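Input: a single structure, listed below in structure tokens.
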Amino acid sequence: MKILVINCGSSSLKYQVFNMENEDVLAKGAIERIGIEGSFLKHEPAGGEEVKIEKDVTDHKAAFKMVVDAITDEGHGVLKDLKEIEAVGHRVVHGGEEFSGSVIIDDDVMNALESCINLAPLHNPPNIYGIEASKANMPGVPQVGVFDTAFHQTMPKKAYLYGIPYEYYEKHSVRRYGFHGTSHKYVASRAADMLGKPLEDLKLITCHLGNGASVAAINKGESVDTSMGLTPLEGLVMGTRSGSMDPSIIKFLMDKEGLSIDEVDNILNKKSGVLGLSGLSNDFRDLEEAAAEGNERAENTLEVFYYTVSKYIGSYLAALNGADAIIFTAGLGENSPSVREAVTENLSYAGIKVDKDKNQVRGKETDISTDDASTRVLVVPTNEELMIAREAKGLLGK
């Protein structure tokens, strides 16, 4: 069984082709700068050389046609016939309260996705474009939607309600949703395998630390709390996002700086986080290098990030009444020993202790705890694309 996985952004389309008999990746690639001058495709067949094709790509429908051509090409393709694809799995950022799991996409689902656009105006439209392009290029092939928010739909009301008039939840669905759900779900499953215990018997805290970052509390395989909220802006200080802050800062900045609400929103999403704090970069490697050279703002910025992650882990230890393991994943979580060490430094009270030698690992599944740690600390590379393919396969009953 072969499944195509699609992840559409506003000007990009990333894809992978899976052979689900052994979960091997047959090919992967991306089309960048859709609708912008200088668009191109990078295609990488398994065991083959990367192919780059520069071509004007006007929209997502044209981009999807390029993907179809690439994966069926006689020279660098991996399929003899497009009919070998039995399903297309789509990453969808926001499913609102409509979706607590993955679904086969029909007209009702498409209408529901349209109704969620106001909750994710930047992310959901390109996700929808990708689905429409896939349906146009591959009519009759099942399309499966896998939602970043779905995994967190098991959160109880005490975790997702905001302390604002209840009517806004009833009228506008204003609540905490959480994101990175596919990643949190995948690494929790892998952690259970690594620990040799059923997921249903475990209490886990998963830390997805990349340019976007979130922490989740998982009890018996279900999300019970997570750091992101109505949008991905809430929670941790991130690459360019502010994370949680006093909401009155918004009006304060509007008054003091003469800014519009849209300008403040842009600042909080694209000019804040470690970029805004440091004034240097949203790349932690740059910040670590600057801090090592004595840059005080870079050093302070790193400390703010470490501190906020540690605080969320601490709060979720309380929510779960302890945890069996802390899991680090995504770009920073998988590849930065210094981040993992700094985040866990003040958590020894909870039996969380990192072995400095084991912690030097990058991008590999590893238990980095000391032998006497009562709470394990794991590094688990995420694989959201494989999780989407598995969800699609499961829905087709194969």
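All positions are counted from 1 along the displayed chain.
Glycine is treated like the rest: Cβ placed from N, Cα and C.
The secondary structure of ASP148 (active site, proton donor/acceptor), as reduced to three states from DSSP, is coil rather than helix or strand. Other Cβ atoms within 10 Å of the Cβ of ASP148 (active site, proton donor/acceptor), summed over all protein chains shown, number 26. Feature annotation from Swiss-Prot assigns active site, proton donor/acceptor to ASP148; the stated evidence is sequence analysis.
Sequence annotations record features per position, and here Swiss-Prot assigns Mg(2+) binding site to ASN7, GLU384 based on sequence analysis. Residues within less than 8 Å, Cβ to Cβ, of GLU384 (Mg(2+) binding site) and separated from it by at least 6 positions along the same chain comprise ASN7, ARG91, THR182, SER183, TYR186. GLU384 (Mg(2+) binding site) falls within a helical segment according to DSSP.
Its own atom aside, the Cβ of ARG285 (ATP binding site) has 11 Cβ atoms within 10 angstroms in the protein chains shown. For LYS14, HIS208, LEU209, GLY210, ASN211, GLY212, ASP283, PHE284, ARG285, GLY331, LEU332, GLY333, GLU334, ASN335, the entry in Swiss-Prot reads ATP binding site, with the evidence type sequence analysis.
Residues annotated as substrate binding site in Swiss-Prot: ARG91.
The site 'Transition state stabilizer' annotation in Swiss-Prot covers HIS180 (among others) and is backed by sequence analysis. The Cβ neighbour count for HIS180 (site 'Transition state stabilizer'), using a 10 Å radius over every protein chain in view, is 29.
Using a 10 Å Cβ-Cβ cutoff, ARG241 (site 'Transition state stabilizer') registers 26 neighbours. Annotation source Swiss-Prot lists site 'Transition state stabilizer' at ARG241 (among others), citing sequence analysis.
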Neighbour count (Cβ, 10 Å) for ASN7 (Mg(2+) binding site): 22
Three-state secondary structure, HIS180 (site 'Transition state stabilizer') (per DSSP): coil
Recorded ATP binding residues, LYS14, HIS208, LEU209, GLY210, ASN211, GLY212, ASP283, PHE284, ARG285, GLY331, LEU332, GLY333, GLU334, ASN335 - maximal Cα separation rounded to whole Å: 25
Going by C-alpha positions, which of the recorded positions (LYS14, ASP148, LEU209, LEU332, GLU334) is nearest HIS180 (site 'Transition state stabilizer')? ASP148
Give the sequence-ordered list of residues that share a chain with ASP283 (ATP binding site), lie 6 or more positions from it, and have CB atoms under 8 Å from its CB. GLY239
